[in-house]
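First comes the structure, then the notes that go with it.
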């Protein structure tokens, strides 16, 4: 597949971002593109909006490569001529890149027999509610169980030509956070007859600021971010309800449990103080991304030998990724791919360099071609 074809495919994906488990147009574009490849050694199956392609290799050992598919509920502001056609949705996390790179790899190995069997996993719903865990729990792969698994994620902060990863912990444990307050509304002139949830909510927000500072080991890392606060309907009406939305991120599961326990204790105290009811919903939870140390070291060593590739020793990040569920099931590696964008992930102006697509494909073709069973 030529670079012009890859760029065309990436831009086609970019125009049709779809949210989790609704990637119907995306799935069709994937299947249409795959149908034009050499079919001799391919086996294809689907599950919901996911696509799985097995490539027959010479040795009875299977290496999986995963690419996520979904977009984000963000209104695009890139100014691209190929900007999103779906109002309020955008590929702002590079999943259009991820799929295009996977297709480039698949196209190569469809016509060049790989050393090992390859399994390409095009996974929906990474941004939520999560697609990796349901695929594993439903045993969708069946007999196509991989012995190793790999994936990449674009990094706007790294220059094109850079690849970064590390053995062990790479990304954090994450949890969504939705908190609903229920009190009693009333007239602003008669606060004694009401139960103000804006005030209760404000006290909760203030107390949450002590959770990490006074409950998490300073040598560990955790963050609680409350990104949405909503309450009230009119300036002279006391709010009967309020809502907070946020996220929890920790580098250890033990710290995640501590944070959740403290949030629930604070909620119980606010309930007693303000005679209200508080409901906490943790939404989607993603486990940490933990790279197999031996495989990560081998991938790093290979990357350092490649002309045109600058290998960077990555640091642990508070990023969340449901690829961690695959890594709990199968040994593997996730790595960062430099795309040199002036704007970051989840930014409405994200503009990754398309030059990185060809670099990633060339690198992973070489890696997978040289890969031997462990």
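Each residue, glycine too, has its Cβ placed from N, Cα and C.
Mapped onto three states, the DSSP output places residue 68 (active site) in strand. There are 26 other CB atoms within 10 A of the CB of residue 68 (active site), with all protein chains counted. If you look up Swiss-Prot, you'll see 68 marked as active site, on the strength of sequence analysis.
Per Swiss-Prot, the feature active site, proton acceptor maps to 127. For residue 127 (active site, proton acceptor), other Cβ atoms within 10 Å of its Cβ number 22.
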May I ask for the distance between residue 68 (active site) and residue 127 (active site, proton acceptor), taken between their Cα atoms and rounded to an integer number of Å?
9
